[in-house]
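Novice: Once you've had a glance at the structure underneath, I'll fire off some questions.
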Amino acid sequence: MLVIPPGLSEEEEALQKKFNKLKKKKKALLALKKQSSSGPASQGGVKRSLSEQPVVDTATATEQAKQLVKSGAISAIKAETKNSGFKRSRTLEGKLKDPEKGPVPTFQPFQRSMSADEDLQEPSRRPQRKSLYESFVSSSDRLRELGQDGEEAEAPGAGDGPPRGFDWSYEEHGSARSSASPPRSRSRDRSHDRSRDRDRDKERDRDRDRDRDRDRDKDKDRDRDRDRDKERDRDRDRDRDRERDREGPFRRSDSFPERRAPRKGNTLYVYGEDMTPTLLRGAFSPFGNIIDLSMDPPRNCAFVTYEKMESADQAVAELNGTQVESVQLKVNIARKQPMLDAATGKSVWGSLAVQNSPKGCHRDKRTQIVYSDDL
């Protein structure tokens, strides 16, 4: 069972007081709103608020306006006739209306206020421009034209007026300004021009001297390089001569080929077509004892080995280029000499190797076995 206390708690009493205060404030606000809304209605007496006015169509509104215009309560609005085109400024319209009057003085914030005295003094303040003759003729030429008294001589055609090709308005202005300038300013300008010309001449001389020094340095460098190259070439030639002297006869070069020594040996190379062993033995046996004879029929050549080298040299001298039994022979000492040691007797087993060599005169004594086709 829940027990509810008969009285209100402190929090409930505080909330109830706040609620009563809010009610009072709300009533006061409603009263103020009513007074503000009833104020304009009581002052005018006729005006109504926009919310209270009835909504009227455009057609009914135009009819009501026409009736009011007819009754004279409202005057009709007149349309202004405007000229179509560009707008003209008011100052221009004033000038067109009153051409005798000058321009109306108006305030221009960014324009400098000038008086008549300042207008007269302005041309004297402007920097004097050189005349056309002075701009074309250098100051050095003008110094030459100066007389002994220091007065400037007349320019060509100056007495007759400006030259024909330079009849410009700029020349007239320049002559007027130069005539108006005092003689002191002229002398200052002349001295200033003289100093400028002197400075320019000095700078030119300095540049010329610098260029000359640079050219001299370049020439010296070139001469040094040439001397270095010459010394290098001399050193190379000396080194080559030293190498030649060191190598002597053992040196081989393509530019100076040396003649080889003649070959020596006891084996001969024989070339000829349709050669036979009997032909070779009959042709070469008179010159010495033959210890080996080998044939190479596909190449039409043969090798003949003597016991002594002297017999081989004699055979080459007599049989080279001769014709034996209608066979032209070419005889030379062979490049390879395999049986030289055996022939000279330096090797113990040389004779046996020569006798049993595959290219020697040894023939196989075995009989060849031939089988019948039936097997």
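Using the three backbone atoms N, Cα and C, a Cβ is placed for every residue, glycine included.
Note that the structure is a prediction, hence the values are computed from the model and not measured.
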Novice: Swiss-Prot tags one of SER71, SER115, SER311, SER326 as phosphoserine; which one?
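Specialist: Comparing SER71, SER115, SER311, SER326 with the record, Swiss-Prot tags SER115 as phosphoserine.
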Novice: Check the candidates SER36, SER131, SER140, SER169 against Swiss-Prot and report the one noted as phosphoserine.
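Specialist: SER131, according to Swiss-Prot.
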Novice: Taking the Cβ of SER191 (phosphoserine) as the centre, count every other Cβ atom within 10 Å, in any protein chain shown.
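Specialist: Other Cβ atoms found within 10 Å: 10.
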Novice: With every protein chain in view, what's the tally of Cβ atoms within 10 Å of the Cβ of SER185 (phosphoserine), excluding that atom itself?
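Specialist: So the number of other Cβ atoms within 10 Å of SER185 (phosphoserine) is 11.
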Novice: Can you tell me the CA-to-CA distance separating SER285 (phosphoserine) and SER191 (phosphoserine), as a whole number of Å?
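Specialist: Rounded to a whole number, the Cα-Cα distance is 124 Å.
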Novice: Residue counts in helix (H, G, I), strand (E, B) and coil for the compositional bias 'Basic and acidic residues' (186-260), per DSSP?
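Specialist: Summed over the compositional bias 'Basic and acidic residues' (186-260), the classes give 65 helix, 0 strand, 10 coil.
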Novice: Within 10 angstroms of the C-beta of SER285 (phosphoserine), what count of other C-beta atoms is obtained when all protein chains are considered?
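Specialist: Counting Cβ neighbours of SER285 (phosphoserine) within 10 Å gives 15.
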Novice: Averaging the per-residue pLDDT over the coiled coil (7-36), what integer do you get?
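Specialist: When the pLDDT values over the coiled coil (7-36) are averaged, the result is 89.
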Novice: Could you tell me which three-state DSSP class SER185 (phosphoserine) falls into?
Specialist: helix
